[in-house]
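*Asks:* Please find one structure pasted underneath; my questions will follow.
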């Protein structure tokens, strides 16, 4: 016989071998596709945006959540030939909000992540070498014409 124990909000059930030997009598409840609390991806079956989708990474509930929702909704429901081209103002507003919170929404660097200061130095060294090599060529040509 199984035993049930309550610990705070959790219910702990210990099952015995006999409990597992008998077929389950549990009835599965069919999921409601319109249940707003059910994870259903970014776009719900009814076409609405699921703001609780983990794929949004909390953007809908952060300090710029309202601006994000406005911009994303505009884009999602846009009927323009170039989807979202009518949403520039909403995206600008969202960007301005995100710039007020750089610790939460860091900006990407202008430099590519593969370029490091060392790479820049070696590129400069190559430029200097190629310049001095071309200078040497012109010096050699001058010496040949003087003879």
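Note: Cβ is positioned from N, Cα and C throughout, glycine not excepted.
Keep in mind that TrEMBL annotations are predicted by a computer and have not been checked by a curator.
Relevant sequence annotations retrieved from TrEMBL are reproduced here:
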- 1-21: compositional bias 'Basic and acidic residues' (COMPBIAS)
- 1-42: region 'Disordered' (REGION)
- 28-38: compositional bias 'Acidic residues' (COMPBIAS)
- 64-100: domain 'CHCH' (DOMAIN)
- 99-147: region 'Disordered' (REGION)
- 108-121: compositional bias 'Basic and acidic residues' (COMPBIAS)
- 122-147: compositional bias 'Polar residues' (COMPBIAS)
*Asks:* Taking DSSP states H, G and I as helix and E and B as strand, how many residues of the compositional bias 'Basic and acidic residues' (1-21) are helix, strand and coil?
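*Replies:* The counts are 5 helix, 10 strand, 6 coil.
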*Asks:* Summarise the model's confidence over the domain 'CHCH' (64-100) as a mean pLDDT value.
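*Replies:* Residues in the domain 'CHCH' (64-100) carry a mean pLDDT of 96 in this prediction.
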*Asks:* Please report, as numbers and ranges, the same-chain residues at least 6 past the borders of the domain 'CHCH' (64-100) whose CB is under 8 Å from any CB of it.
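*Replies:* Counting only partners 6 or more residues beyond its ends, the domain 'CHCH' (64-100) has Cβ contacts under 8 Å with 43, 49, 51, 107.
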*Asks:* What does the DSSP secondary structure composition of the domain 'CHCH' (64-100) look like, as residue counts for helix, strand and coil?
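*Replies:* Per DSSP, the residues of the domain 'CHCH' (64-100) fall into 25 helix, 0 strand, 12 coil.
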